[in-house]
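Below: one structure, written as structure tokens.
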Amino acid sequence: MNRLFSGRSDMPFALLLLAPSLLLLGGLVAWPMVSNIEISFLRLPLNPNIESTFVGVSNYVRILSDPGFWHSLWMTVWYTALVVAGSTVLGLAVAMFFNREFRLRKTARSLVILSYVTPSISLVFAWKYMFNNGYGIVNYLGVDLLHLYEQAPLWFDNPGSSFVLVVLFAIWRYFPYAFISFLAILQTIDKSLYEAAEMDGANAWQRFRIVTLPAIMPVLATVVTLRTIWMFYMFADVYLLTTKVDILGVYLYKTAFAFNDLGKAAAISVVLFIIIFAVILLTRKRVNLNGNK
């Protein structure tokens with residue numbers, strides 16, 4: 001093999017090796033993206049026998065003039081901010097607790113990540129069962145046992161309580177990702193740094209601010225960036241839990257399949273992509289994802 005490519009550029013051989021991956025990437029990513037952008041400029045009927053109509057930027061104009069879109073965008077921003085902040089803080093707190101030796105540490109760590117590796121549909125079913133107004137454990141405790149309220153609330157049928165629950169569900173569901181990431185970097189910090197800071201009279205908060213925070217900052221930036229992207233694109237968890245919280249993913253789905261407006265739905269997805277791309281660019285200007293500022 002060395003003789004075969006001796007004295008020649010490795011680029012053709014590298015492209016040959018990359019060709020299957022590039023074809024797969026083009027077929028699964030590039031082509032659907034181009035098709036989606038094309039659809040966003042069309043009025044596309046569900047009946048394949050009816051020809052689509054080019055409408056220019058009409059779908060984008062309808063989005064920007066639709067109060068429902070702005071409401072969904074605002075809900076998505078709040079949802080993303082709360083989930084990212086909550087899951088990151090909780091993941092860091094649990095990681096710091098586990099960054100020490102104690103009995104059954106590995107078993108406890110496995111239990112912590114259980115919510116992250118369990119299929120969403122199973123977790124959604126468990127939550128809807130717990131908050132069921134007829135036989136759920138939450139309403140049993142609140143009504144029958146503690147008498148906190150007279151009548152069992154319809155948790156997932158009220159927009160306010162539904163939003164709180166989907167946020168709590170997402171924090172609990174996704175904090176193990178932050179936990180694993182932070183625990184890995186915490187275990188690389190030299191313990192002597194904490195000992196030296198303690199000898200200098202630093203309290204727990206000062207040790208965290210001076211020693212821990214600078215060490216975990218690259219990982220923190222990566223976790224926040226990735227979780228922000230993933231939560232902005234969220235659909236399945238919220239849609240399975242309730243129909244009362246119209247974040248952008250749910251709003252897009254309803255536009256496409258409830259109202260059969262595929263052109264507008266495609267335009268929404270393009271706008272969503274632009275927002276996410278802008279967030280990535282702004283984040284990369286502040287923090288290099290490789291850990292170099």
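The backbone N, Cα and C atoms fix where each Cβ goes, and this holds for glycine too.
Membrane topology as recorded by Swiss-Prot puts PRO12 and ASN158 together on one face.
Of the recorded ranges 78-98, 163-183, 262-282, the transmembrane segment (111-131) has the largest number of C-beta contacts under 8 angstroms with 163-183. Across the topological domain 'Periplasmic' (236-261), the DSSP tally of helix, strand and coil residues reads 17 helix, 0 strand, 9 coil.
Highest Cβ contact count with the transmembrane segment (78-98) among the listed stretches 136-156, 215-235, 262-282 falls to 215-235 (criterion: pairs under 8 Å).
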